[in-house]
Structure formats: structure tokens, C-alpha cells
Amino acid sequence: SKLAALFKHPLYNIPIPEVTEKDKLFVVNPMEKFSLRSSGSDEWISSSKAETLLPTGKTAYDTYPSWLKFHVGINRYELYPRQDPLMPILLQDLATQRIVSSVQKSGGTQLKLIMTFPNYGQALFKPMKQTRDQETPVDFFYFSDFERHNAEIAAFHLDRILDFRRIPPVSGRLVNITKEIRDITTDKKLAKTFFISPAGNVCFYGECSYYCSTEHALCGKPDRLEGSMAALLPDKTLAKRRSWRSPWRRSYHKSKKAEWELNPNYCAQVREMPPYDRGHRLLDLIDMAVLDFLMGNMDRHHYETFEKFGNDTFLLHLDNGRGFGTHSRDEPSILAPLWQCCSIKKSTYLRLQLLATQPYRLSDLLREALATDPLAPVLAEPHLRALDRRLGKVLGVVGRCLAG
């Protein structure tokens, strides 16, 4: 396994700083226990609600469902650890746990559902809108492109291979629209949008600001629908997040350009603005630009951080559905933070160089990682090949900066 060899490489074993109590997102009561409601059930309950039925010798943490272990593990430096034994279990849960509730997520331009499991875990479901080999039409603006479920899955694995680990876990899943959405939804607005198509397929379209109409309906075959299931982050009432407008945000206008597109010395301005004037925030933003360039994502207008950690923490790379839309062309403007600032973390640069070598070729690693997903193959081959070409371009930009 190339992936196993990669994660054993010294560049993937650089220790993070010591995690103190104040560096953890949650300080957990070690005595709080979770247990099965009854022996034949897959429902979990907190000990504060019922007597615990714990096998002897198990610590309370062992009784936590996988989503809770994921939340408890978040700290100032990483969303989840590199060698995380929990990850396969969490991905398996996202793909297989029984869905007990499906409601539409409010906001956004496209339909997304929040699905709840018997163990109180929740996932964000993005349904399939187009096939693997459909490229975004050349005349489409980045903001009128569809979100792709397979891009969400591939982005999680790519982010992990780059050792950023800033995207919550995502698994593909085949959902039954009738049994797992229509029949169990308590969302009255969503419920009104189901219909049977002329071909006899179950369809629905929900309510949202752009792509929620009968012309953009999502239809099963006859009621089976692919989608991505992303583990939700802790509720904002428990762990507040701050949303930051990206300095390299696009104009989201058909004819206007953003300031960074017109001013070649734009980075000098950014370096004087808090929080980019100190610490590693600007370098973290450049990491994100590299990730976005590799997957062709032009739609990065905001990013988030956990408020508890202030400015000294990682950025969350959320909403990656507009990646992997085109493989036949690259968008150099995504790399503007890198070539305008001519800065990159040494650790990121060394890992990118490693991923350009034959034993650790980026396309091979991502292909291997995606092969275990329930919806494999997740990406069409041309998208995987494009990664190696784009990685070469990133290293070319860094090379010119070093030579300059």
C-alpha cells in the first residue's frame, strides 16, 4: 500500500505541539458514559438519561459513539490525528448507520439534507447532481456550477494525503429516497416537493435560493440516489465557529474583477491586515489555495475557525463540492495567494515534493484512498491524472519564487 508507506514517512510523523487542556475543543467529563439502550438495539443513550449497561473493564470513552469520539478529539492543531484508528469506523458509520431523520439544511444555493442516526450522530448529505465524467461547461461561471457529491468525498481524502486534516470525514452512500428521506422526514416544506417522474422514478427538489425546482429535481433509479455523507462538526452552540471572508475572494459578478486580480502588489496589503500580520494564518491560507488548485475549486469565498482557539489555530476547509469539475484545464488564478506572496510552509513544500516522486505519486495515493469508498470509483481517471500535472505547476511556482 502506497498510502500506508506515505503515512509512515518521516514527513508525516512530525509531532504536533503538546496538547494541553486549553488546546482541546472540549474538556470531557471522563465519567460520562454512553451505552446501548437495549441489547438488540443500535440506539445509544447518555448515562444522564438512563442506567448504564457497561461491560466491566471498559472505560467511559470506549462507550462513546464514533461521532462523539471525533468531536472530543478536536484540538487547536488538528481536526483529527494522522494515525487515527477511529477514521475507518467513522467512515463506515457514515456509510451504513440507519437513518432515522432527514431534513433539509437551510441556506445555500443547492439542496442539502441533514441526516440523523440512532446514536445521535448527524451527517450532511449532498446528493448526486451529475455523472463522474461530466465536465463543467466552459461558458459556466464558477458560481453557477453544480456542487458535486464525489468532489466532497475526494476532497476529504486529498486533504488527508496532503496532511492538512482540516476537512471533516466524508463517505459516499447510496440512499433510498423513499425509505430514508420521504417516509421519515418531518420537514413539511421538503415533503411537498416529492413526485414520481414520467419514467417512474422517485424525485424531489426541496426549497433553496437557486437550484430547487422541478427542472433541477433529484431523481432516483427508481428510488436509489448517490450522495456524500459528511460528519457534522459540533453544534455551534457548543463550539462557536468564526467565519472569515477570504482576502482572495472572487467578485461573484459576471464582469467585475476583485482587487487582488488588478493589483500585483496585493499581498503586501494583506500582510498588514490582522490576522495575516502575525502567526501562521497567511501560510494556512496558502495551504488552502494549494488544495483548491489541485482540485480546481474556485469557490472559496470564506473559511472558518473554532472561536475557542483565537487566531492561533487551523482553518476549516468546508464546502468542497465545486472541486473536480474540470480536468482538461487548470485555473492558475486559484494559486494567487502563493504566487503573489511567494510564501509557503516548509513542511507543505517538502510534502508536495514527496508527492511528485514515483513511489508516492499523488494520483496513485488518491486512487488507492478512494478505492475503499462505497461509491468507488469516486473520480474519473482524467481527474486523477490532472492532479499530477497541477502538482507540477504548484512546485513550478514555488521554484520561481525561490529563484526570484
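Placement of Cβ uses the backbone N, Cα and C atoms for every residue, glycine included.
Here is what TrEMBL says about this protein:
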type	residues	note
BINDING	Gln110, Lys126, Glu147, Ala230, Ala231, Leu232, Leu233, Glu304, Asp319	ATP binding site
BINDING	Glu147, Asp319	Mn(2+) binding site
DOMAIN	194-402	domain 'FAM20 C-terminal'
ACT_SITE	Asp299	active site
Largest pairwise Cα distance, Å, within the listed ATP binders Gln110, Lys126, Glu147, Ala230, Ala231, Leu232, Leu233, Glu304, Asp319?
20
Local Cβ density at Ala231 (ATP binding site) - other Cβ atoms counted within 10 Å:
24
What's the CA-CA gap between Ala231 (ATP binding site) and Asp299 (active site) in angstrom, rounded?
21
Rounded to a whole angstrom, what is the C-alpha distance between Gln110 (ATP binding site) and Asp299 (active site)?
14
Lowest local Cβ density (other Cβ within 10 Å) among recorded positions: Glu147, Asp299, Asp319:
Asp299
When you measure from the Cβ of Leu233 (ATP binding site), which residues in the chain that are at least 6 apart have a Cβ under 8 Å away?
His71, Pro168, Ala239, Arg241, Leu316
